[in-house]
Each structure stands twice: as C-alpha cells, then as structure tokens.
C-alpha cells in the first residue's frame, strides 16, 4: 500500500518524466502535445467502436451461419448495398480521422514569430547549445555543452540516465524556436512532454518550435541510434518565469 501511495505522489510531482510501467503519455506542457493527446483519444474512440462492431459481426456469423445451423449455404453472388456500405463507411471514418490530424501536422510545422532561437547540435555523445540572440563583451554567443550527469554525482530525487550538467533554460509563455543539426552522425532531439522530435542531420538545419505553458523540468533523449553511447544523450529543459530567465542569461553572459 505504501508503494502505491508514494508512486502516486511521485507521479503528481514528477509528471514531466517517464515513470516505471508507464503506458500513457506524459502530461502535456505545450498546445502541440495537448493536440497530440486529444487526437490519440479521438482515434481510440473510433477504434473501440470499430472493434466492437467487427467483433459483433464476427461472432454473429460464427454462431448463426455455421454448418449445423445452415447445412445448405445460401447462393449469393453479390450485394450492391452491402458493398457500398463497407466501402463508404471506412472511407468516412478515415476522413474523420485525417482532417484533424492534417490540422495538427500543419500546426506542428508552423513557426510563429519566435522570441528566442536556440541552436542544438548533436555530437557523439552529448548536446551543444547556442543562444545566438545574446553575446558577451567579447562578441561571443552564449553557448555551452550538455553532458549526462555521472551516477555518482546524482542527488536525491534526480533521474539516472536523464540528468545533465547544464540544462536548457527557457521562459514560459514564450514562442521558442530550436534549430537542430548534427556535427558527426544523425541524432534526434526529442522531448515527449513538449511533443517535439527533430532529426539532427550533419550539414542540414532543421527547426521546430514550441510554447511551454507552465514552469517545470522536462526530460528527453536522443531518439536516433547514433553509436555505442546513444543511450547517454539526455535532454533537460527547465522552464522558468521570464524574470528568472533574464537573470540566468545575465549570469551566463557575465561568466
């Protein structure tokens, strides 16, 4: 009983990271992820109805049209109405699923007036970040590397294989653009609770955007097999208030 109680408490506090035996989504922190979760629920609704209907037809056919009940088979060559029905009905269902998914796909690719642009570079096996909107007195961009935190350096409550030495700090309620590329092999920058995943390809710049609605710490990982230490490339985003973000930028520039 204690285990389940504390698991529930941890779930409510640490709802922006994966938890043991999780089969659902992490709590959405962006409108995009909310749309993905809602689309999933809508599709599951249609899926349950289809499964129930098809199962009912299947069992009805097995019990009412077997060799004992109907020793002589009916001689049907075709049925125009039923053929139209089983062609049009799935088409309408697919259209009903496709229309909202197209709108969601379009909104994912839309870049809305980003206030902050961050460049993420995938390397074997760590991430580098560059805040190109800010420069110090020596005309250098605000930039840093982000390595996985060794297990012996973890503090109580921190996650093994998910913590880093330098987090990405961004403000809430702000349109953020991430430009993603790779320095050596193909990586993938992904944060599930934000609903973002973007391939980091050497020689190519890809971009994604998001709008975080609440403060918190969001965890992700490289999602493209990139070598022996692929599993040691975590991503940690800390969303803070705008005032805290400005203070962090000032301290970083002074450093």
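Using N, Cα and C of the backbone, Cβ positions are placed for all residues, glycine too.
If you look up Swiss-Prot, you'll see 187, 222, 226, 233 marked as Cu cation A1 binding site, on the strength of similarity to another entry. DSSP assigns residue 187 (Cu cation A1 binding site) to a strand. Its Cβ placed at the centre, residue 187 (Cu cation A1 binding site) has 30 other Cβ atoms within 10 Å.
Annotation source Swiss-Prot lists Cu cation A2 binding site at 222, 224, 226, 230. Contacts of residue 230 (Cu cation A2 binding site) defined by a Cβ separation under 8 A and a same-chain sequence distance of 6+ are given as 125, 222, 224, in order along the sequence. Reduced to three states, the DSSP call for residue 230 (Cu cation A2 binding site) is helix.
According to Swiss-Prot, the topological domain 'Mitochondrial intermembrane' annotation covers 1-42 (among others).
Residues annotated as topological domain 'Mitochondrial matrix' in Swiss-Prot, with sequence analysis given as evidence: 64-83.
Residues or ranges marked as topological domain 'Mitochondrial intermembrane' by Swiss-Prot on the basis of sequence analysis: 105-255 (among others).
Per Swiss-Prot, transmembrane segment is recorded for 43-63 (among others).
Sequence annotations record features per position, and here Swiss-Prot assigns transmembrane segment to 84-104 (among others).
If one looks beyond the transmembrane segment (84-104) by at least 6 residues along the same chain, the residues whose Cβ comes under 8 Å of a Cβ in the stretch are 32, 35-36, 39, 42-43, 46, 50. The average pLDDT computed over the topological domain 'Mitochondrial matrix' (64-83) stands at 73. Sparsest Cβ environment among the binding-site residues 222, 224, 226 (other Cβ atoms counted within 10 Å): 224.
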